[in-house]
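Below is the structure I would like to discuss, written out as C-alpha cells.
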Amino acid sequence: MVDGGIAKADKTEFKECLSLTWKQPYILRLALSAGIGGLLFGYDTGVISGALLYIRDDFKEVEKSTVLQETIVSMAVAGAIIGAALGGWMNDKWGRRKSIIIADVLFFAGAIVMAIAPVPGVIILGRIFVGIGVGMASMTAPLYISEASPARIRGALVSMNGLLITGGQFLSYLINLAFTKAPGTWRWMLGVAGLPALVQFLLMLSLPESPRWLYRKGRKEEAAEILGKIYPADEVKSEIGALRRSVEEEIAQEGGVGEGLSGKLKKALSSTVVRRGLAAGILSQVAQQFVGINSVMYYSPTIVQLAGFASNSTALALSLITSGLNAVGSIVSMYFVDRAGRRRLMLISLVGIVACLAVLSGIFFAAASHSPLVGETETQFFGNATCSDYKIGSRIRWKCTDCLKAAADCGFCASTPNKLQPGACLASNDLTKDTCHANHREWYTQGCPSDFGWLALIALGAYIISYSPGMGTVPWIINSEIYPLRFRGLCGGIAAVSNWGANLIVSQSFLSLTQALGTAPTFLLFGVVSMFAFVLIFFVVPETKGLQFEEVESMLEDKGYKPWKTRKRTTPQP
C-alpha cells in the first residue's frame, strides 16, 4: 500500500529486480529491513488464531465469553485504525524511518505485555499496543520501500512487502504449532513476535531516511547522498532532477486543494470524479472484509474445531492449509491482475466465494443434523459430572449440539472407539476434561464429532483460493489507481480506514454470530453479503486495467460514465 494503494510489477520488472539487487545489495537491504514491518503485520493477524485456543484453556472467563474472545482478537484491529491515522501524520512530521522505529517499539512493548499478562485485560492492552504498531507499519513500510527503491523495480520491491505479509501469517501458524507442547504455550506464541520487531529496530537505526521526504524538508544534500547509493553514478543526476520535478509538482497540487484536512475534504467531495472514485474504492475495501475473510484468518483453528476436530494441535496443523493457500494466492494475483483485469478478477473471485460459502454452510448444516446423540448410559458412567441442564430419564433426546448449546457450561465426551456413537454430556471443567481424556475419549466444547470435517476443510481451502487472488489484493490496487493524484493520499486514507473498520466489525462479531445463529447460518449470511457485494461491484466499480491516471480521471468525469462498460486506453503504452 503506497499512498493508499499497491504498486504493481510485471514479469520483466521482477527479473530486473533480481539482477539489480544482486549487483547492488544495498537496495535489497533497504527493502528487506523495511519489509519486516509487513512480516510483523502478517504474524500478528495470524498468531492470535492459535493463541486464542490456549488462552481459553488458561482463563475460564475467556472460555465462557465469546465477547471476551472477540475483544482479544479485535482490539489489535481497533489499535490498527488508530495507528493508521497516526501513521500518516507521523510520516509527514518525523519521516518514514522514525515512524517505523516507533512502530517497532510499540510492537515489542505489546509482545512483552501479552507474554507476561496475568489477566485477560492485560492481554487486551498488549493487543492494542501491537495493533497501533501494525497500523503504522501497514502504511509506512511500503511507503519507505517505494521511496527508497529505483523506479524501474519499485513495483517488484513493494509487491515483496505483500508477500511478506502472507508469509508472516504462514510463519505464525508454524510458530503456534511449534509451541503447542511448551509450558506457557500462548505466552511464547505472542511474545516471540517481539524478536523481529527488535531486529527491525536495530536495522533501521543504521539505515537512511527516505530521500523523497528529505528533499521535501529541504535536506537536498542528504537526499542526493542516499540516491548515490541506490542508483549507478551515471544516473544519479537525472534521478535528482526527476525527484525535484516530482516534489515541486506535488507541492503545487497540494496548494491547489485547500489548506488543512477539512479544506481538502470539502474540495474532494465537491468533485464528481472523487465521489465516483470513493464509491468504488470504499465499496471494494468494505466488501473485502464483509465476505468474511478475517473470520477465517483470525479464527481458523476455531472453525476447524467447529468442523469436528477437537485437538488444539490438530486444529493448528490443519489451519496451516488456509494460511499457505493465502500466500500462494498473492503470487497468483500478481500474474493475473494485469491480464484478466481488476474488475473481472474481483467478480470471478466473488462467484467462487459465494459458491464456497454456500458449500460450507451446507456442510455445517449436515454436520449438525448428523450430530451424535447423548447417551444416558454413557453420561451416567461419569457419575456426578453430568451437565446440570441434561435430565437423565427425560424423554427429550439430546444431541451433541444440544449439549454444547446448553445454558449451563457443558462439553461432550465422545464415545470410544467410534466417536459418532452416543456420548456423554458433562459439566465443562478441567476435572471432567481430564477424566474424559483418561478414558481415551475426545473432549468437545466448540463443535461436535463429525464425518464431514474433511469436506469442511476442502471447502475452506477453496474459499481461500477464490478469495486471495481477487478480493484479497485487487481492492488495494483499485484504490491506488482510481483517485486523482492531488487527492490520492486523502482518499486512500479514507478507504483504508473503511477497510479496518469493516475488519473490526467482522472480527468482533464472528463468534457471537456462530453462537446466536449457528455456524451454518453464519457462513450462509456471509454468502448472502457476498452476493450483494457482487451486484454492487458490478454496477459501481469500473475497470482500470491498462489506463493511465489521466484516463481514469477522464473516465470518471464523463457524463455518460457506466462502470460496467470497459474503456479502451487512448494513449499508447510506453
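Placement of Cβ uses the backbone N, Cα and C atoms for every residue, glycine included.
On a predicted model such as this, the values are computed, not experimentally measured, just so you know.
From TrEMBL, for reference:
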type: DOMAIN; residues: 30-545; note: domain 'Major facilitator superfamily (MFS) profile'
type: TRANSMEM; residues: 30-55; note: transmembrane segment
type: TRANSMEM; residues: 67-87; note: transmembrane segment
type: TRANSMEM; residues: 99-117; note: transmembrane segment
type: TRANSMEM; residues: 123-145; note: transmembrane segment
type: TRANSMEM; residues: 157-179; note: transmembrane segment
type: TRANSMEM; residues: 185-207; note: transmembrane segment
type: TRANSMEM; residues: 273-293; note: transmembrane segment
type: TRANSMEM; residues: 313-337; note: transmembrane segment
type: TRANSMEM; residues: 344-368; note: transmembrane segment
type: TRANSMEM; residues: 452-478; note: transmembrane segment
type: TRANSMEM; residues: 490-511; note: transmembrane segment
type: TRANSMEM; residues: 523-541; note: transmembrane segment
Taking contact to mean 3 or more CB pairs closer than 8 A (sequence separation of 6 or more), are the transmembrane segment (452-478) and the transmembrane segment (313-337) in contact?
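Judged by the Cβ rule, the two regions touch, with the required three close pairs present.
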Which listed range (30-55, 99-117, 123-145, 185-207) shows the maximal number of Cβ pairs under 8 Å with respect to the transmembrane segment (157-179)?
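The stretch with the most close Cβ contacts to the transmembrane segment (157-179) is 30-55.
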Residue list, the transmembrane segment (273-293) vs rest of chain: Cβ under 8 Å, 6 or more residues beyond ends.
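Apart from its flanks, the transmembrane segment (273-293) reaches 346, 350, 353, 357, 467, 471-472, 474-475, 478-479, 482-484, 487, 491-492, 494-496, 498-499, 502-503, 505-506, 510, 523, 526, 529-530, 533, 536-537, 540-542, 553, 556-557, 561, 563.
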Should anything in the same chain at least six residues away from the transmembrane segment (344-368) have a Cβ under 8 Å from its Cβ atoms, list it; otherwise answer none.
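Result: 284, 287, 291-292, 306-308, 333, 336-337, 401, 447-448, 450, 452-453, 455-456, 459-460, 462-463, 465-467, 469-472, 474-475, 478, 518-521, 523-524, 526-527, 530-531, 533-534, 537-538, 541, 543.
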Checking distant contacts: for the transmembrane segment (490-511), what same-chain residues at least six beyond its ends satisfy Cβ-Cβ under 8 A?
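Sequence-remote neighbours of the transmembrane segment (490-511) are 1, 3-5, 66-67, 69-71, 73-74, 77-78, 80-81, 84-85, 88, 135, 139, 261, 264-265, 268, 274, 277-278, 281-282, 284-286, 288-290, 292-295, 298-299, 302, 475, 479-480, 483, 522.
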If I take every residue in the domain 'Major facilitator superfamily (MFS) profile' (30-545) and average their pLDDT values, what number comes out?
86
